[in-house]
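Read the structure below first, then the notes.
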Amino acid sequence: MASSLTCTGVIWALLSLLCAAASCVGFFMPYWLLGTQMDKPVSFGTFRRCSYPVRDEEKQITVMLEQCGRYASFHGIPSLHWRICTVVTGVGCGLLLLVALTGLMGCCISDLISRTIGRVAGGIQFVGGLLIGSGCALYPLGWDSEEVQQTCSNSSGQFKLGSCQIGWAYYCTGAGAATAMLLCTWLSCFAGKKERDRLRPWAV
């Protein structure tokens, strides 16, 4: 099967896919911040939450509904910083995924990725990783919201966890972005074949 990638390029394509998958899964999963409320485990993502209080009209009490879901609207996200984080991280994940899929196509299609296109793809990965990293940096600014404080024993604040802890999805998202920025961007410089290696000799 013809390929437009070098051996290094194949490694780059596979690593790009892993980085994009890690960042996308981490972004979607609501396990960025972990805490408890009413003795029930509660977790937050950027636009999703697991376990939230609802009013039981029959018993006239507030109970915790233990299920996960996204906020009803974009403005329902409890912090402006989390809304910005959702947008920039989502765009960054989209860019990483786009480059990863292009790299995989390059493994099967000749003349798709040249040395120049590989470097451009690496630049896009760097921007995507930078956006995700910015989203991760913005996330702690939303820890002073009322919802988070209720979950963290009313002791949380910006860059202050209180009784909560950071979840695995936050680390997964950040690790995928960091690897894409540092390693994938470097490998992309050697991903495409040089022009002279792509030309076929004339038949005699």
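Any Cβ shown, glycine's included, is placed from N, Cα and C.
Annotation comment: TrEMBL describes 1-21 as signal peptide.
The transmembrane segment annotation in TrEMBL covers 80-108 (among others). Here the transmembrane segment (80-108) has long-range neighbours at 1-5, 9-10, 12-13, 16-17, 19-21, 23-24, 27, 46-47, 74, 121, 124-125, 127-136, 138-139, 141-142, 145, 173, 176-177, 180, 191-192, meaning same-chain residues at least 6 beyond its ends whose C-beta is under 8 angstroms from one of its own.
Marked as transmembrane segment by TrEMBL: 120-141 (among others).
According to TrEMBL, the feature transmembrane segment maps to 168-191 (among others). Only residues 6 or more beyond the boundaries of the transmembrane segment (168-191), in the same chain, are considered here, and those with a CB under 8 A from a CB of the stretch are 5-6, 8-9, 11-13, 15-16, 18-27, 29-33, 45, 89, 92, 96, 103, 106, 113, 115, 118-119, 121-123, 125-126, 128-130, 132-133, 135-136, 139.
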